[in-house]
Amino acid sequence: MQCGVGQLSGGCQKTMGLHCILILCLFSGWIVGYKQGDNVTLYVNKVGPYHNPQETYHYYTLPVCRPEKVHHKSLSLGEVLDGDRMAESLYLIRFRENVEKKTLCQLTLSEKQVDQLREAIEELYYFEFVLDDIPIWGFVGYIEESGFLPHSHKVGLWTHLDFNIEYNGNSVIFANVSVKDVKPVPLEEWVGAGVGGVGLGGGSLTVTHTYSVRWFDSPLPHARRAERLRDYSFFPKTLEIHWLSIINSLVLVVLLLGFVIIILMRVLKNDFARYNVEEESGCDDLDQGDNGWKIIHTDVFRFPPYKSLLCAVLGVGAQFLTLATGIIVMALLGMFNVHRHGAINSAAIVLYALTSCVSGYVSCSFYTQINGQHWVWNIILTSSLFSAPLFLTWSVVNSIHWWSGSTQALPATTVLLLLGAWVLVGFPLTVIGGIVGKNRAGSFQAPCRTRNISRQIPTQPWYKHTAVHMAIGGFLPFSAISVELYYIFATVWGREHYTLYGILLCVFAILLSVGACISVALTYFLLSGEDYRWWWRSVLSTGSTGLFIFVYSIFYYRNRSSMSGLVQSTEFFGYSLLTALVFSLMLGSVSFWASLAFIRYIYRSLKMD
């Protein structure tokens, strides 16, 4: 394997340093050049139920052809997190050399092994091979249900595979496997002795595995081979109406934002005119009805309870905002494609560790501004607000994967690597960011003085209660991303390849805009009722979007997927809870800062003593 330096830029070739080649190979992808007759290694990876994408097992857990000593491929962190466990196979494939029905091996299967294969086939097990970073999928066997009376149940094992490989020049473009015109070996309770390469005797079953290789010339250049894999249809395609759905959502959201902004600005304009005129005329008897927010100007900046927890939420929310933006920008720059297995996982781990300084800085800086005293505890709380739930969830999910023998269970070395990344990078950066934020924090900028004695809050109507505001503030941002959320779930929990990152960036911006506008509107309605407890209310109002996302995940699991079983269900709902938590923290942080900026603006615009 070698990086195609002939395709590098001219300037880089002139200064041809090793670091230049390594950087360009890393970001432009490895270009593997073969000569005719060179060995093209085929790795076996994993098998699993077709409807449970996250329930995967190593291919060699099945009674299949395997070398005497299994050699595993060195994998990246992202590949390990994605459940990949690649190992060398017995398939001998040479570049641009066709092979016709070559024997791979002959196996004598015990009754227990036949039952294992039959059970795997009945659960629609598929396998994944990898050839030159190209995944190859196929089913382990064949199952057929026919008739009612009499009922027949046929189970067959594919013992011959046809590999179809496309090439351009000296590089591999695409590969797949076919069983067309191949008869499966029947496994129905030891029926079919001596047929199709099968022999029976003494309670055992002898099976001969064969394969063929056919090479086809392709006009597609190596740089565009990801398009060929993206258009391949082993798994069902469901993203055809993507653009139309997003445009429809975008129009609705723009209308909603315009409505909120125009109405709110007109109301504020009337409030400013009335309050300022009353102030100039010396009238102290202000209307304390729906527009009584001026009356609470001595309480609206009264610091809330649970300061440390509030600041931790704001800090971690800012961290995930930075993380999400970084991932989307990297995707737009083309750093992730279908041939880079687990690249997004690796990038997310690295960015999470590096952006920990953001959470520490934001949290401790604001905590110092609102007169927080226990800044060390604040840093610890900030660092563990997401990492602790993540560790607990992962512990449960990983234990179940380990118990079931799934490849999704992380090896001990990977666990130590992730723990080391948090202990040596994530937590220290949180502490450093907190110290810098504490030292650079100024005073809290409040345009109004706060009285020592708080004002009594009048009884509020039912539509201004916290639960109602959470329902409104959570539903509207959720409705803005509900369409895109389906495609994200189909990618994460299915087998779709997400490529429209420009749309994702637009939807992300819409989500943040809707969250900020809805939070401002709900905060105004709260203050107009002379209720100054807006601090936590602003976080909870749009932060409740996470609850709607978790409810949607239940709907998706029951109505949009065919997932089942303890292994898949535990992972799905465990990580869906973490996803809901991330959205709650992120949107809660955005809505709080939007409400704080709005409140400072309206009270700064009033004429007060």
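Just so you know, glycine gets a Cβ as well, placed from its N, Cα and C.
Keep in mind the model is a prediction, meaning the values are calculated, not measured.
Feature annotations, reproduced from TrEMBL:
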- 243-265: transmembrane segment (TRANSMEM)
- 309-336: transmembrane segment (TRANSMEM)
- 342-363: transmembrane segment (TRANSMEM)
- 375-397: transmembrane segment (TRANSMEM)
- 409-436: transmembrane segment (TRANSMEM)
- 467-489: transmembrane segment (TRANSMEM)
- 501-527: transmembrane segment (TRANSMEM)
- 534-557: transmembrane segment (TRANSMEM)
- 577-603: transmembrane segment (TRANSMEM)
Checklist line | Contacting positions for the transmembrane segment (309-336) when only residues 6+ beyond its ends and CB under 8 Å are counted | finding: 27, 343-344, 347-348, 351-352, 355-356, 358-364, 366-367, 370, 372, 378, 381-382, 385-386, 501-502, 504-505, 508, 512, 535-536, 539, 543, 582, 585-590, 592-593
Next item on the list: Counting only CB pairs under 8 A, let me know which of 342-363, 375-397, 467-489, 501-527, 577-603 has the most with the transmembrane segment (409-436).
Entry: 342-363
Margin query: As a test: from 342-363, 375-397, 501-527, 534-557, 577-603, pick the stretch that has the greatest number of Cβ pairs under 8 Å with the transmembrane segment (467-489).
Written below: 534-557
Checklist line | Contacting positions for the transmembrane segment (501-527) when only residues 6+ beyond its ends and CB under 8 Å are counted | finding: 242-243, 246, 249-250, 253, 256-257, 260-261, 264, 267-268, 293, 296, 300, 321, 324-325, 328, 331-332, 464, 469, 472-473, 476-477, 480-481, 484, 533-534, 537-538, 541-542, 545, 587, 590-592, 594-595, 598-599
